[in-house]
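Below you'll find the structure, written out as structure tokens, and then a few comments.
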Amino acid sequence: MTQQPAWGVSFSKYFVIPQRVILAIMGFLAILNAYTMRISLSIAITELVVKKNYTDEGEAAVCPADDLDSDSSSGGDYEWSEELQGLILSSFYIGYIVTHVPGGLLAEKFGGKWTLGLGILSTAFFTLITPIAITEGGSTALIIVRILMGLGEGTTFPALSVLLSQWVPLKERGKLGALVLGGGQVGTILANSLSGVLLDAYDWPVVFYLFGGLGVVWFIIFTLLCYSDPGSHPFIKPTEREYLEREMGSVTRNDNLPPTPWKAILTNLPMIALVCAQIGHDWGFYIMVTDLPKYMADVMQFSIKANGLYSSLPYIMMWIFSISSGFVGDWLMTRNILSITNTRKLMTAIAAFGPAIFMVAASYAGCDRVAVVVLFTICMGLMGAFYAGMKLSPLDMSPNYSGTLMAITNGIGAITGVITPYLVGVMTPNATLLEWRLVFWVAFAVLCVTAVIYCIWASGEVQPFNDPPAVKDYESEERGKKPEKK
């Protein structure tokens with residue numbers, strides 16, 4: 001363990017908040033920024049494309065525009081089909097998938113600070129140039145820029161998983177983990193609500209300039225305040241450093257890890273169950289995040305300002321529920337009411353079966369706007385329990401390889417981010433209520449099947465491939481090779 005510099009000890013006295021909490025707050029803001037940059041296009045695209053003219057009547061078509069929404073925009077100048085819009089919205093995830101595993105490996109090898117920071121910075125840069133890409137290159141240039149954005153953002157969750165495994169003790173993991181991962185909901189809230197207000201008052205490019213600029217500001221603050229592990233942090237308080245060493249056994253990264261045990265990880269049954277749960281979560285989540293604004297605009301006929309507000313309400317509930325479920329999960333474990341495994345299973349079950357039911361129910365509420373908003377809000381609220389459930393499983397199962405586990409699960413799950421927006425575009429060529437109802441029934445099936453698999457085979461215990469004896473065997477093997485070189 002490196003000796004803490006004298007200036008760092010003196011400087012640490014000016015910090016009231018513990019450094020692990022500062023890291024959690026900055027991690028929360030990292031995901032918040034990532035989501036605002038990712039999702040802003042979902043609202044903006046309703047103002048970019050030429051608005052449809054509907055002549056069909058009845059439930060099979062769309063809802064009538066409300067008098068309050070008579071000022072709704074007539075759309076933009078780009079004649080992009082529903083299928084092309086689906087491809088544009090899904091293109092981000094093509095790049096996003098690619099950098100997950102490399103991001104996890106880099107974070108485990110060199111630490112999570114720069115892996116996370118540079119990923120967000122590159123996403124911010126491509127967000128800032130999105131308006132130029134659209135005006136100069138149309139849909140093709142936009143798809144390319146979105147793929148490049150995804151490449152940058154793909155390192156976010158693997159790097160954060162490594163950072164949390166180095167900084168957060170087990171008994172604080174539910175609270176701080178839910179806080180960090182809750183950045184996704186708050187980012188979605190801000191992206192939807194602010195985009196709606198900004199698009200109503202200004203031209204569409206301002207959305208990308210605002211969120212891209214905030215990403216750059218976050219990068220500067222993060223690099224000044226945060227470090228990859230407590231052992232390398234120069235101005236952590238000595239008392240906090242001692243506490244983390246006592247609770248976690250070490251405050252430095254293990255630089256002598258053997259090569260990633262790919263076969264053991266990929267054939268591990270709890271790991272397969274975790275991947276299934278991630279696929280279910282992402283299928284439901286990406287349909288809501290990417291396409292709910294389109295549903296509100298095309299089917300429910302909300303104005304752009306109302307669309308932004310009502311599309312953000314479900315994520316306010318999701319954020320509140322994710323934080324609450326984190327506290328409840330920690331309480332269940334510290335009181336020995338449930339084991340880690342059963343706590344994760346309970347939270348995952350709530351987060352899958354509940355949203356599946358309410359998502360379908362919303363499609364049967366027809367054109368009752370209040371009922372639709374309420375049902376979608378309950379749907380996404382319950383989904384917040386995922387963040388005290390399967391989302392924390394990589395940290396439980398393998399602290400040494402949590403970045404790789406998060407990369408595998410999130411990377412495979414993100415494939416649904418490519419599939420679902422495009423599939424929604426194909427399934428809803430006329431953007432009617434009945435077409436959307438089928439979309440939600442498919443999501444219902446995926447959420448339920450994957451949750452059942454997780455509840456049967458998942459585990460919250462440290463898995464054999466993380467076992468320290470395996471590390472010791474590798475280290476002794478390496479030491480045994482050295483004399484031969486002399």
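Cβ coordinates are placed from backbone N, Cα and C, and glycine is handled just like the others.
Automatic, uncurated: that is what TrEMBL annotation is.
The range from 176-194, 290-308 that TrEMBL describes as transmembrane segment is residues 176-194. If one looks beyond the transmembrane segment (370-389) by at least 6 residues along the same chain, the residues whose Cβ comes under 8 Å of a Cβ in the stretch are 174, 177-178, 181-182, 185, 277, 281, 284-285, 288, 292, 300, 310, 313-326, 328-329, 343-352, 354-355, 358-359, 361-362. Counting Cβ pairs under 8 Å to the transmembrane segment (346-364), the stretch among 21-45, 87-107, 176-194, 309-334, 436-457 with the most such contacts is 436-457. Within the model, the domain 'Major facilitator superfamily (MFS) profile' (19-463) carries an average pLDDT of 84.
When each of 114-134, 176-194, 206-227 is checked for Cβ pairs under 8 Å to the transmembrane segment (21-45), 176-194 comes out on top.
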